Amino acid sequence: MCPLWLLTLLLALSQALPFEQKGFWDFTLDDGLLMMNDEEASGSDTTSGVPDLDSVTPTFSAMCPFGCHCHLRVVQCSDLGLKTVPKEISPDTTLLDLQNNDISELRKDDFKGLQHLYALVLVNNKISKIHEKAFSPLRKLQKLYISKNHLVEIPPNLPSSLVELRIHDNRIRKVPKGVFSGLRNMNCIEMGGNPLENSGFEPGAFDGLKLNYLRISEAKLTGIPKDLPETLNELHLDHNKIQAIELEDLLRYSKLYRLGLGHNQIRMIENGSLSFLPTLRELHLDNNKLSRVPAGLPDLKLLQVVYLHSNNITKVGINDFCPMGFGVKRAYYNGISLFNNPVPYWEVQPATFRCVTDRLAIQFGNYKK
């Protein structure tokens, strides 16, 4: 049975889900974490990435920092009021949880000998200073969660093995060119909740990255950044101050299948802007200041979900969502939200939603002046 402390850890870390929408239980069982010998499972010489927890015999290392809990290769030292990274951490540790402490600095040798570490959780500390070689021993680190700290810059010399970086809710104002140099494996960055403006991104700041997912929400952006990785599948820029989408703003991002622009101040989307997104499946434009349905939606053959609620839309035309003729759209809508708009829904023609899978997928009404 899973110990209570481990269950609490898993539940706590599953609050901020990455783009794959995986809970922390999946994350903990990822390749390289709670590994078991396949000999115990199938008799072969290879290892399994997802062990059968009922058949795993708990192993406790003789090295466990005072006050921490150590189980398998997980070291949990959260909520202890720690001022520094503890010593005596077993070198075979794959997950080190140090969240909710008072750590203010990461020193050169804090992670010395932890060459097998796969995930490092430093969320909700007071970290403002990181030695340039602090992460050097972490040659297998893939997940670094360092959100809710006092950082004013992206940490230098991040491990080249890094796949996922969560650095939201810090004090970062600038992303300089070269800060992500050498991070060829990185595919997910969460950096919302920082006071970033458009001018804070130096040209070439994301050069070399092949990201699938990027979130820069709750920042100070006034427009869509034009120099983000063109490999992006998901881009979330919600809760900013974006006022318009101009023709070439999305030109670079033709591989997007999910775009989040909710809770901005968007009044205008230039005609043709959305035509650069042929693979788009989900579009969030809720809580803006749009007065009409954006042009170009019928041409997005794979679009399935559109959030347009809480805008100023007063009219919905018969061809605003669906292309004329049958067989043109490759995927039908399964979600269109239009509630909290001043549109008289009783005047909308039924044929407007001829390419929607079910009438329950359409949300109208609840407008308040």
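For all residues, glycine too, the Cβ spot is worked out from N, Cα and C.
According to Swiss-Prot, the signal peptide annotation covers 1-16.
If you look up Swiss-Prot, you'll see Ser42 (among others) marked as O-linked glycosylation site, on the strength of similarity to another entry.
Per Swiss-Prot, O-linked glycosylation site is recorded for Ser48 (among others).
In sequence order, Cys70, Val75, Glu88, Ser90 are the residues near Cys64 (disulfide bond), counting only same-chain partners six or more apart with C-beta under 8 A. Residues annotated as disulfide bond in Swiss-Prot: Cys64-Cys70 (among others).
Residues or ranges marked as disulfide bond in Swiss-Prot: Cys68-Cys77 (among others). The 10 Å shell around the Cβ of Cys77 (disulfide bond) contains 24 further Cβ atoms across the protein chains shown.
When averaged over the repeat 'LRR 1' (83-103), pLDDT in the model lands at 96. Look at Swiss-Prot and you will find 83-103 tagged as repeat 'LRR 1'.
If you look up Swiss-Prot, you'll see 104-127 marked as repeat 'LRR 2'.
Taken from Swiss-Prot, the feature repeat 'LRR 3' covers 128-151. Assigned with DSSP, the residues of the repeat 'LRR 3' (128-151) fall into helix, strand and coil as follows: 0 helix, 5 strand, 19 coil.
Annotated repeat 'LRR 4' per Swiss-Prot: 152-172, in sequence order.
Here Swiss-Prot flags 173-196 as repeat 'LRR 5'.
Across the repeat 'LRR 6' (197-221), DSSP assigns 3 helix, 4 strand, 18 coil. For 197-221, the entry in Swiss-Prot reads repeat 'LRR 6'.
Residues or ranges marked as repeat 'LRR 7' in Swiss-Prot: 222-242.
Residue counts of the repeat 'LRR 8' (243-266) by helix, strand and coil are 0 helix, 5 strand, 19 coil (DSSP-based). The repeat 'LRR 8' annotation in Swiss-Prot covers 243-266.
Annotation comment: Swiss-Prot describes 267-290 as repeat 'LRR 9'.
According to its DSSP assignment, Asn271 (N-linked glycosylation site) is coil. Other Cβ atoms within 10 Å of the Cβ of Asn271 (N-linked glycosylation site), summed over all protein chains shown, number 11. For Asn271 (among others), the entry in Swiss-Prot reads N-linked glycosylation site.
The annotation repeat 'LRR 10' is assigned in Swiss-Prot to 291-313.
If you look at the repeat 'LRR 11' (314-343), the same-chain residues 6 or more away from its ends with a CB under 8 A from one of its CBs are 281, 286, 291-293, 297-299, 301-308, 349, 351-358, 361-369. Across the structure, Cys322 (disulfide bond) and Cys68 (disulfide bond) place their CA atoms 57 angstrom apart. Distances between the Cα of Cys68 (disulfide bond) and those of the recorded positions Asn271, Asn312, Cys355 are shortest for Asn312. With a cut-off of 8 Å between Cβ atoms, the residues of this chain six or more beyond the repeat 'LRR 5' (173-196) that come close are 16, 18-19, 142, 147, 152-154, 156, 158, 160-167, 202-221, 236, 239.
Note on the repeat 'LRR 7' (222-242): DSSP counts are 0 helix, 3 strand, 18 coil.
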